[in-house]
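In what follows, a structure is listed as structure tokens, so that the remarks can point back to it.
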Amino acid sequence: MNPQAKLIFTTSLLLGTTITISSNHWITAWAGLEINTLAILPLISKSHHPRAIEAATKYFLVQATASTLVLFSSMTNAWYTGQWDITQLTHPVSCLILTSAIAMKLGLVPFHFWFPEVLQGSPLTTGLLLSTVMKFPPITLFLMTSPSLNPTLLTSMALLSTALGGWMGLNQTQIRKILAFSSIAHLGWMTIIISYNPKLTLLNFYLYALMTAATFLALNSIKALKLSTLMTAWTKTPPLSAMLFLTLLSLAGLPPLTGFLPKWLIIQELTKQDMAPAAVMISLLSLLGLYFYLRLAYCATITLPPHTTSQMKQWHTNKPTHASIAILATMSATLLPISPMISTLL
């Protein structure tokens, strides 16, 4: 793909995201989502591999369906209430349809089926955009409509997402699929608290985007797509593998790393809302995800390749680690001490 085309698609992504997150009217929010979808499709299919074309087709069909449902829910609400304002979504049927549409956009259970396949067919850099930038506009729509949505439905979807994201990631050997199920599990944590404290959802998303960006960029630098490749990557760039190790543990939510902060605050808020059973359940379900994060971290650093490996060994490189990866990885590991300051902002 030539640089001019890449610039146009990246600018369109930023434009679509900005339009959606800054709009008050449903039509402009829908237009922003459509611009986003059309801008990411060439980036998914740029390799012209059949798997990439398949991923782009699946992504287009699912996102088109979700956008249609967003438009249908807003039109139904406008039909009954005369309001096109995003924050004035009050009709119960519209709320239910919108919840389904946003869940489809994000990849929440039971509409998760497309996300691992699309991520597997995309390059790592496009996968990073799909996991972070493309999820921001739907999450902002969730935030703006959260007072109208059904908390019981959201809690059920969140618990199912965390369970399925952890369970399905256990048996994977493809790193992109593991990160896709990781994203589904993290979305469960964001969704469970959105009705009670939307700012916590936003904090969780920001920290998740930070840690995921560090992980994807490190894997892109190592050129690792499978666990077997990751196991032989230690000899190439030991410092980068060590940073990847810490970032993965932070994604798992282990203290004293950054990823523990949103989980801690969410469990605290759920307990305040008399939802202790839900807090216990989502905490136990996140242990499933901990297993595959530890497996990735183990393969990245602790496992040394055998002498008779079928993979070609990669030797030390003099190429320095990119500054952005170093900054993101450092932030992914060290932001927990400033949690008192963050909690005062919520």
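Using N, Cα and C of the backbone, Cβ positions are placed for all residues, glycine too.
Unlike curated entries, TrEMBL annotations are predicted automatically.
Lifted from TrEMBL, the feature list:
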- 23-288: domain 'NADH:quinone oxidoreductase/Mrp antiporter transmembrane' (DOMAIN)
- 290-342: domain 'NADH dehydrogenase subunit 2 C-terminal' (DOMAIN)
- 1-23: signal peptide (SIGNAL)
- 59-79: transmembrane segment (TRANSMEM)
- 91-115: transmembrane segment (TRANSMEM)
- 152-171: transmembrane segment (TRANSMEM)
- 178-196: transmembrane segment (TRANSMEM)
- 202-219: transmembrane segment (TRANSMEM)
- 240-258: transmembrane segment (TRANSMEM)
- 278-304: transmembrane segment (TRANSMEM)
- 325-343: transmembrane segment (TRANSMEM)
Mean of pLDDT values spanning the domain 'NADH dehydrogenase subunit 2 C-terminal' (290-342): 76
Stretch among 91-115, 152-171, 202-219, 240-258, 278-304 sharing the most Cβ pairs under 8 Å with the transmembrane segment (59-79): 91-115
Beyond the flanks of the transmembrane segment (202-219) by at least 6 residues, Cβ under 8 Å: 124-125, 127-128, 131-132, 135-136, 139, 143, 175, 179, 182-183, 186, 189-190, 193, 225, 230, 240, 243-244, 247-248, 250-251, 258-259, 261-262, 265-266, 322, 324-325, 328-329, 331-332, 335, 342, 346
Ranked first among 152-171, 178-196, 240-258, 278-304, 325-343 for CB pairs under 8 angstroms with the transmembrane segment (91-115): 152-171
Other parts of the chain folded back onto the transmembrane segment (240-258), taken as Cβ under 8 Å at six or more residues beyond its ends: 182, 186, 207-208, 210-212, 214-215, 218-219, 221-222, 233-234, 264, 286, 289-290, 293-294, 296-297, 300-301, 321, 325-326, 328-336
